[in-house]
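Asks: Can you keep this structure in mind? I'll have questions shortly.
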Amino acid sequence: MGNICCHPDSLDFDDEEVNLAHFTLLRSVGKGAFGKVRVVQHKNTKQLYALKYINKNKCIQMRAVENIISERKILEQIECHLIVNMRYAFQDEDNLFMVLDLMLGGDLRFHLDRLGVMPEEYVRYYAAEISLGLNYLHSLNVIHRDLKPDNILLDEKGHAHLTDFNIATMIVGSKPLTSVAGSFAYIAPEVLLKRGYLASVDWWSLGVVCYELLFGRRPFRGKSNEALQQSIIHDTLEFPSQHKASEHAVHFIQSLLTRDVNARIGVGKQGFHRLTSHPWFAGLDWEKLRHEEIDPPFVPDNKKANFDPTHELEEILLEDNPLKVKKRTKRSYSDKTESVSEQAELNPERQMMEDKFLTYDHSRPEDNEQRRKQAEQKHWAQKMNKTTGHSNRKAGGTYKASVLDYLHQKPATPLTAADILKLEELARSAKAPGKDKSNEWRPPSGLLSHGHMDGLPIDAVTARDNYILQQGGNPPPCRPPPMNQHQRHRYERNNRSFVDSNQARVSSSDESYPLSPSPDNSEYPLIASAAAMARTDSKKKKKMSNIPRFIDPPPLPPPTNLPPPVPSDLPGLP
């Protein structure tokens, strides 16, 4: 059948963004779970609209923030004359506002309560228009999930329009939904069974609506939610014994209220074609109905109020905080970025409404697109700040410029080996207790000169001994370098007289002499110098490792001359 769209004339707004001051507040006409509805008139064009407003605090208390944002997002993408379209959206410090098409004919619940039951001709016409509206929504992957007489409004001519997308959702791919949502008496059994569902639930709800309009009661009933749930899942569909509905009307309702989803009329690729070909709609020109060329069977009386007048009385007498124009505090981009993290910690729901409930003006699509892009850039900038910890931004810049500056900034100069050793030395010295490091030098990353630490590293033992000698003391003896196990016996055999400094320890300079403590490592990079020596002089170390530390003396050469003969006769002793 194709999508049913319309493009209304643009309104004459001034240059500033739309707000409540652009409208004149008239009477209250409706009240729902999440907000109220009031008739307003645009001050410039004198056009009448329905203003739906939701208190932010109440929205947070009822945990409906995501629902309101989702409704606003879906309505922005919808433009159809069988839907109550959104024309403007904005917010102030206390409320969220959506300016919608005004339906002066009232809802089907209002008329059903006064008629008791509706003629089959009425129900047939409304079922056809609602089917067109549902087919349009499903073509956009939108599921209404709350179809009932209360959410079907009539305009002044009597045409039916779908409204209230508070719990509507968009299907992503072909993944079924599992959440339980909707008005209990109109929920499909596959929703209650939590086995996954798609757009089939809207056709079940249409069957319940048609049954209720024809017979004045719902097909499944129960005294409690548990009993009602069991009735929806298990009870057999029954019709009143003395009803006056035609066989085609009964069969159409049975085709909608079947628990077999695949057999339900309207479901599947050929589902809507099966619906339009049903005998109940025989003789109906769907093309003319699409373009509103068929007169409705019922035209509401415009001289009477087609809504409950008690809403206006409640607004006057019982409303503690009546709706009035409030100027919203405007903040610059720099103020917003500085307080984003604080506001998100204090009240993340309010911050979500601030960021995602964008101002919308149907007469200015370019401005809407610009606001959407700015919100998307802000979202990614905040996401990047959380990941990288980078939160500083140039004053007066845009979010896009901030992100691009961060991505395109030049990388730091690569660190040299000397830089790394120096930074390791500073890290160790920072852990040393009792030293004031407020004035300690900190090298910028990659800015150390290439000639830094090119000379020979400072020897730790030499630095210590020179320091003690300058103070007038005697340096302690040094411990010999370590040796291998196979050299220990040779060392002990050839160096019996050596005294180990650990076995016969000489008092340190701190104990023997009235000297100041030894210098701190931050002044003499002993450890870093030793490491530097080990790394920069690896060839020398490898060569020296093959030289034994202790060598036995060479043996005496053999004699070249024979020794003198020993005399055989020795002189006697005196």
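Cβ from N, Cα, C; glycine included.
Bear in mind that TrEMBL entries carry predicted annotations, made automatically and left uncurated.
TrEMBL feature annotations, pasted as is:
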- 23-281: domain 'Protein kinase' (DOMAIN)
- K52: ATP binding site (BINDING)
- 282-372: domain 'AGC-kinase C-terminal' (DOMAIN)
- 362-396: region 'Disordered' (REGION)
- 362-379: compositional bias 'Basic and acidic residues' (COMPBIAS)
- 429-454: region 'Disordered' (REGION)
- 429-440: compositional bias 'Basic and acidic residues' (COMPBIAS)
- 468-574: region 'Disordered' (REGION)
- 474-483: compositional bias 'Pro residues' (COMPBIAS)
- 496-506: compositional bias 'Polar residues' (COMPBIAS)
- 507-519: compositional bias 'Low complexity' (COMPBIAS)
- 551-574: compositional bias 'Pro residues' (COMPBIAS)
Asks: I'd like to know the mean pLDDT over the domain 'Protein kinase' (23-281).
Replies: 93
Asks: Mind checking how the compositional bias 'Basic and acidic residues' (362-379) divides into helix, strand and coil residues in DSSP?
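Replies: DSSP composition of the compositional bias 'Basic and acidic residues' (362-379): 15 helix, 0 strand, 3 coil.
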Asks: In which DSSP state, out of helix, strand and coil, do we find the residue listed as 'ATP binding site'?
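Replies: In the DSSP reduction, the residue listed as 'ATP binding site' maps to strand.
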Asks: Measuring CB to CB from K52 (ATP binding site), give everything in the same chain under 8 Å that is also at least six residues away in sequence.
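Replies: Expected: G35, K36, V37, F97, M98, V99, L100.
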